[in-house]
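Everything below concerns the one structure shown next.
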Amino acid sequence: MDQATILIVDQVKIRRKKHLNIGILLFLITIAIIVVSIGLGKAEISIKDIISIIVGKITVNPNLYSHIKPYKVAIVWDIRLPRILIGVIVGTGLAVAGTVFQSLLMNPLADPYTIGVSTGAAFGASLIIYINLFLSNIQIPITPFAFLSAFITLILVLKIANREGIIKSSNLIIAGIIVSSILSAGISFLKNAAGEEVSAIIFWLMGSLASRTWTHVLISAPIILISVIICTYYSDDLNLLCLGEKDARSLGVNTNKMRKIFLIIGAIITAVCVSVSGIIGFIGLIIPHLLRFSVTSNNRVLIPLSGLLGGVILVLADNISRVLFAAEIPVGVLTTLLGGPFFIYIFIKKNKYIQ
C-alpha cells in the first residue's frame, strides 16, 4: 500500500471517528434535554425526583417514587414526558424526511411537505375537527384520520406523477403542488364553514405538542424508528441517486424502485408527524442544510445525525413556547419565526463559502 493510499485511509478513519463522536454527543444531549425539559414549568420538580419517577415507572417499582407527591408523579409521567417524547419523535421524523426529500428530489428547498402529504393530513384533521363540532356524545379521534388522509394523498400524487411506470422528481413536485392546492382550498372551505369554531382548526394547523399522550408516543415511535432504520440502510443508494438518474443506473441502482421506497417511507414519516402534531415548519428544511454545511453530505451519516439534531431542536423550541410566554404559543409558529431568519443566515454563509 503506497503512501497516498495510507493517507486516504487514515483520513477516512478520522472522519468516521469524528462523525461517531458527533452522534454520541447529540444522543447524550438528547437525553439531557429530555430530563431538563421535564423539570421546566410552573410546577417545579427536581432532576432527582424526575429520574426517580422515570426509573420507578420503567422498572415497575413504586418504592422509588413513593416519597414524591402524587401530583408531581402525574405531571412528570402523564403530562410532560409524553409531550417531550413526541417532540423528539416528530423532530426526528421531520428532519430525516427533509434529508431524504432534499436528496431524492435534488432540490435544496425540498422539505417533508413538498409533495403535499402534509396538506392531505391537514385536510383530514380539519374535516374531523369540523365533524366533531356537531357531535356531542362522541368525538372522532383526529390522528388516525389525518394519517389515512395523508396516505390517500400520497397514492394520488404518485398516480399523477407516474408516467409510463417512471416517477420523475419534476413530476412529483408538480403533482404535489396541484394536489396540495386543491386540498388547501378544501381546508379554507372547512374553516369558513366552521364559523365561530374555526379556532379549533386553526390551532391544529399551527402545529402543537400540547395534550399529547402515551398513546401518541406508542403509535408514532415504532413507525418513525423503523422508517429511520430503513432510510439509513438504503442511504448508499440515496447517495447514488443524488448523482442523477443515468449515473445511478450505470452504477447498478434500480432507480425507480429506490425512488418509490424513499418516497413512501418519507411520506409515511411526514404523515405520522403531521397527524400527531399538526404542521411544524422549517425543522425538515433547516436541519439537513445545517448538517450538510457543517458536517457531511453523506446520507449514511446525515440521516441519523439529522434525526438526533431535529429532536433536540424541536424540544428546545417547545420549551420556549410553553415556558417563556405567559400564554403558550403553538410550537409550529415559533419554529417558523425562528427558522426563517436562521435559514437566510445559512443561505448567505453558504454562498460566501462557495464564492
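Any Cβ shown, glycine's included, is placed from N, Cα and C.
Remember, predicted model here, so these are calculated numbers, not experimental data.
Here is what TrEMBL says about this protein:
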TRANSMEM  20-39  transmembrane segment
TRANSMEM  84-101  transmembrane segment
TRANSMEM  113-135  transmembrane segment
TRANSMEM  142-161  transmembrane segment
TRANSMEM  173-193  transmembrane segment
TRANSMEM  214-235  transmembrane segment
TRANSMEM  261-287  transmembrane segment
TRANSMEM  299-317  transmembrane segment
TRANSMEM  323-348  transmembrane segment
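Beyond the transmembrane segment (173-193), the same-chain residues lying 6 or more positions past its ends with a Cβ under 8 Å from any Cβ of the stretch are 105, 107, 110, 114-116, 119-120, 122-123, 126-127, 129-130, 153, 156-158, 160-161, 201-202, 205. Here the transmembrane segment (113-135) touches the transmembrane segment (261-287). Their Cβ atoms form 3 or more pairs under 8 Å, with each pair 6 or more residues apart. Across 84-101, 261-287, 299-317, stretch 261-287 shows the highest tally of CB pairs under 8 A with the transmembrane segment (323-348). Note on the transmembrane segment (214-235): residues 78, 82, 85-86, 89-90, 92-93, 96, 99-100, 143, 258, 261-262, 265-266, 268-269, 272-273, 276, 298-300, 302-304, 307 of its chain, located 6 or more positions outside it, place their CB under 8 angstroms from a CB of the stretch.
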